[in-house]
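Before any comments, here is the structure.
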Amino acid sequence: MNSLIEAKNTIESKLNGAKPTIGLILGSGLGVLAEEITSPTVIKYQDIPGFPSSTVAGHKGQLVIGELEGKTVVAMQGRFHFYEGYDMSLVTLPVRVMKAIGVEKLIVTNAAGGINENFEAGNLMLIKDHINQFGTNPLIGKNDDSQGVRFPDMSNAYSRELLDLAESAAEEQNVTVQKGVYVGTTGPSYETPAEVRMLRKMGGDAVGMSTVPEVIVARHSEIEVLGISCISNMAAGILDQPLTHDEVMETTELVKQDFLTLVKSIIKKL
Ligand code: HPA
């Protein structure tokens with residue numbers, strides 16, 4: 001936990017007393033939201049003790065702290081993925097750091113493949129719940145009781161209150177949203193069609209390679225969570241076409257405006 005304290009001190013030393021209470025984790029292609037933050041303090045991951053530098057195309061690798069819709073927010077432009085080879089404690093370190101600097105509510109976003117056949121590429125999905133298919137858990141190991149309990153409850157992993165608020169924001173802004181269960185897998189290979197059928201039978205509506213570890217740690221530290229997936233493609237085997245990261249980036253580019261409108265209107269209501 002030493003790197004946690006060092007990271008907290010480094011960040012706070014650059015904030016002139018600003019106290020972000022809302023955290024944003026911006027997924028592939030969704031980092032544009034950070035560009036809307038006014039009076040930003042930008043801190044590159046490489047300048048934060050303990051942070052690895054992000055590597056995936058479409059992920060920038062910096063924290064942006066400032067004002068959005070009248071609230072002080074801290075946004076992660078780019079996250080750390082398990083498939084990059086980082087261990088779970090590193091993947092989730094930013095959430096611990098957010099908690100340490102005072103974040104109470106977290107909006108976590110991602111690009112995901114649609115499993116639910118009623119979805120289409122370009123939809124936004126509010127996450128109702130998740131299924132952890134990582135085959136591991138970021139809380140494995142000695143529990144740090146100062147951070148949270150040994151066996152955290154996950155009944156309300158995604159806050160009902162925030163979900164209701166997001167739905168009313170979407171309605172007001174005329175942004176169509178789906179709701180569903182996000183399945184988190186390690187990646188980096190996309191699923192096979194047989195795996196997608198299995199995930200659908202398990203109750204999944206969308207699948208991606210992030211979010212679950214961060215949300216588990218957020219709940220461990222009693223941060224309230226709202227999750228939003230951008231359905232960047234239909235998962236393997238649903239349409240007769242191969243999946244590419246380019247498609248993921250192209251679709252997120254198309255829904256960018258709706259995504260920005262929705263998240264900004266949610267933040268205004270928080
Ligand atoms: N599968 C897993 N992760 C993803 C996908 C997908 O189809 N699309 C974007 N991230």
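Residue 1 is the first one shown; counting continues down the chain.
Positions of Cβ are set from backbone N, Cα and C atoms, glycine also.
Annotation source TrEMBL lists domain 'Nucleoside phosphorylase' at 21-268.
Annotated phosphate binding site per TrEMBL: SER28, HIS59, ARG79, PHE80, HIS81, ALA111, SER210, in sequence order. In this view, ARG79 (phosphate binding site) is surrounded by 27 other Cβ atoms within 10 Å of its Cβ, with every protein chain counted.
Per TrEMBL, purine D-ribonucleoside binding site is recorded for GLU191, ASN233. The Cβ of GLU191 (purine D-ribonucleoside binding site) has GLY113, THR185, LEU199, VAL207, ALA235, ALA236 as same-chain neighbours under 8 Å, each 6 or more residues away in sequence.
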Margin query: Given the binding-site residues ARG79, PHE80, ALA111, ASN233, return the subset with CB under 6 A from an atom of ligand 1, ordered by sequence, or none if empty.
Written below: ALA111, ASN233
Next item on the list: Let me know how many other Cβ atoms fall within 10 Å of the Cβ of SER28 (phosphate binding site).
Entry: 25
Next item on the list: State which of the following binding-site residues has the fewest other Cβ atoms within 10 Å around its Cβ: PHE80, HIS81, ASN233.
Entry: HIS81
